[in-house]
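Notes follow the structure.
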Amino acid sequence: MVNYQKPETAIWTGRKSGQQLYLHEKVQCIDLNESSLDSNAKSFALLGYACNEGVKRNLGRIGAFDGPDVIRTQLGKMPNHLGSETKLLDIGSVQCLQEDMEAAQEDLSEKVKLILQSKALPVLLGGGHDMAYAHYNGIKKYLGKNTPIGIINFDAHFDLRSTENGNNSGTPFYQIAEDCKKDNAPFHYLCLGIRKDANDKVLFQTARDLGVSYIENIVFSMNEFKKVTRTLLDFIKKVDHIYVTIDLDGFSSAYAPGVSAPSPMGFTPKMVLETLKLIIGSNKMISIDIAEMNPKYDIDNHTAKLAASLIHFVLDAKNYSNQLW
Ligand SMILES: N=CN[C@@H](CCC(=O)O)C(=O)O
Ligand SMILES: [Mn+2]
Ligand SMILES: [Mn+2]
């Protein structure tokens, strides 16, 4: 069973300026049961994936169901630097109920297609990383199955577990790879921040078998930025469309304690921002999400604020990319 949760205006609060100085004053809440999505190419549409089920099936720590709303809460308090022609829409959340993750994924993918048809940039808020399978499928529904989609995943984990025990938060990219085989389509997947101490030999072998490009966390740092840039640009030039997914558990737990599987030696926010500049600068990013926000383990909202800052950066970068770098 799946539930569409219309956007809650009460979440969007903060300082009041009366002149849209803050994002809670800028955001427009759209209830998809009552109105259609009227947007344009300069706009952004926030969509939540409230789902614990994939993490639970993957034996992780429960809590990601409430991830989307804590990110919204922090984002609303941040300053608005968007022009008046740019819309920031909140179209609510897809909630996974009664363990029916597959139904939630199907619904999410339909809503991603809807956002892309409206020309806005989808910005998805999770929720377990099983969101990626749904997100990718929404992009695929929009582009058609013969258009290659490059996936760039900032993550400590490959999430390439086989589905022999069912689908979960550790299987989304394996599921995509399997679908690509069926469609006779290439699988373009780049993982940034992979931890050797958090992925077993089978996962590394699966990555090799599937031709996955990856950079380990010890290399994914500003000290090695030239090397990272080469790998990234090589990947970007192979595709016309890039789906970006940021799993918060790839950040060092010093920055992101509020996740199911924390990374003491993960990457830094600076590294992700510098990499995002290159991706956004390519003008190929079609959609983006932030996954694995788990408020139950957060400390003083550090992780929720980090997630909101990442989105704030993307809103700014998409609007003013030529002034940022
Ligand atoms: N989406 C997360 N996936 C990780 C979780 C690892 C863990 O629970 O320690 C994985 O399956 O590898
Ligand atoms: Mn992940
Ligand atoms: Mn992860």
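Here the Cβ of each residue, glycine as well, is placed from N, Cα and C on the backbone.
Secondary structure from DSSP puts His129 (Mn(2+) 1 binding site) in coil. In this view, His129 (Mn(2+) 1 binding site) is surrounded by 34 other Cβ atoms within 10 Å of its Cβ, with every protein chain counted. Annotation comment: TrEMBL describes His129, Asp155, Asp159, Asp247 as Mn(2+) 1 binding site.
Look at TrEMBL and you will find Asp155, His157, Asp247, Asp249 tagged as Mn(2+) 2 binding site. A simple way to gauge crowding: the CB of His157 (Mn(2+) 2 binding site) has 25 other CB atoms within 10 angstroms, across all the protein chains here. In three-state terms derived from DSSP, His157 (Mn(2+) 2 binding site) belongs to neither a helical nor a strand segment and is classed as coil.
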If I restrict to non-local contacts, at least six residues apart, and a C-beta distance under 8 angstroms, what lies near Asp249 (Mn(2+) 2 binding site) in its own chain?
Asp155, Ala156, His157, Ala256, Val259, Ser260, Ala261, Pro262, Ser263, Gly266, Glu292
Mn(2+) 2 site shell beyond Asp155, His157, Asp247, Asp249, criterion: Cβ within 8 Å of Cβ centroid:
His129, Asn153, Phe154, Ala156, Asp159, Gly193, Leu248, Gly250, Ala261, Ser263, Ala291, Glu292
To test your reading of the Mn(2+) 1 site: which residues beyond His129, Asp155, Asp159, Asp247, same chain only, put their Cβ within 8 Å of the Cβ centroid of those residues?
Ala132, Asn153, Ala156, His157, Ser169, Pro172, Phe173, Thr245, Asp249, Gly250, Ala291, Glu292
Under DSSP, is Asp249 (Mn(2+) 2 binding site) helix, strand or coil?
helix
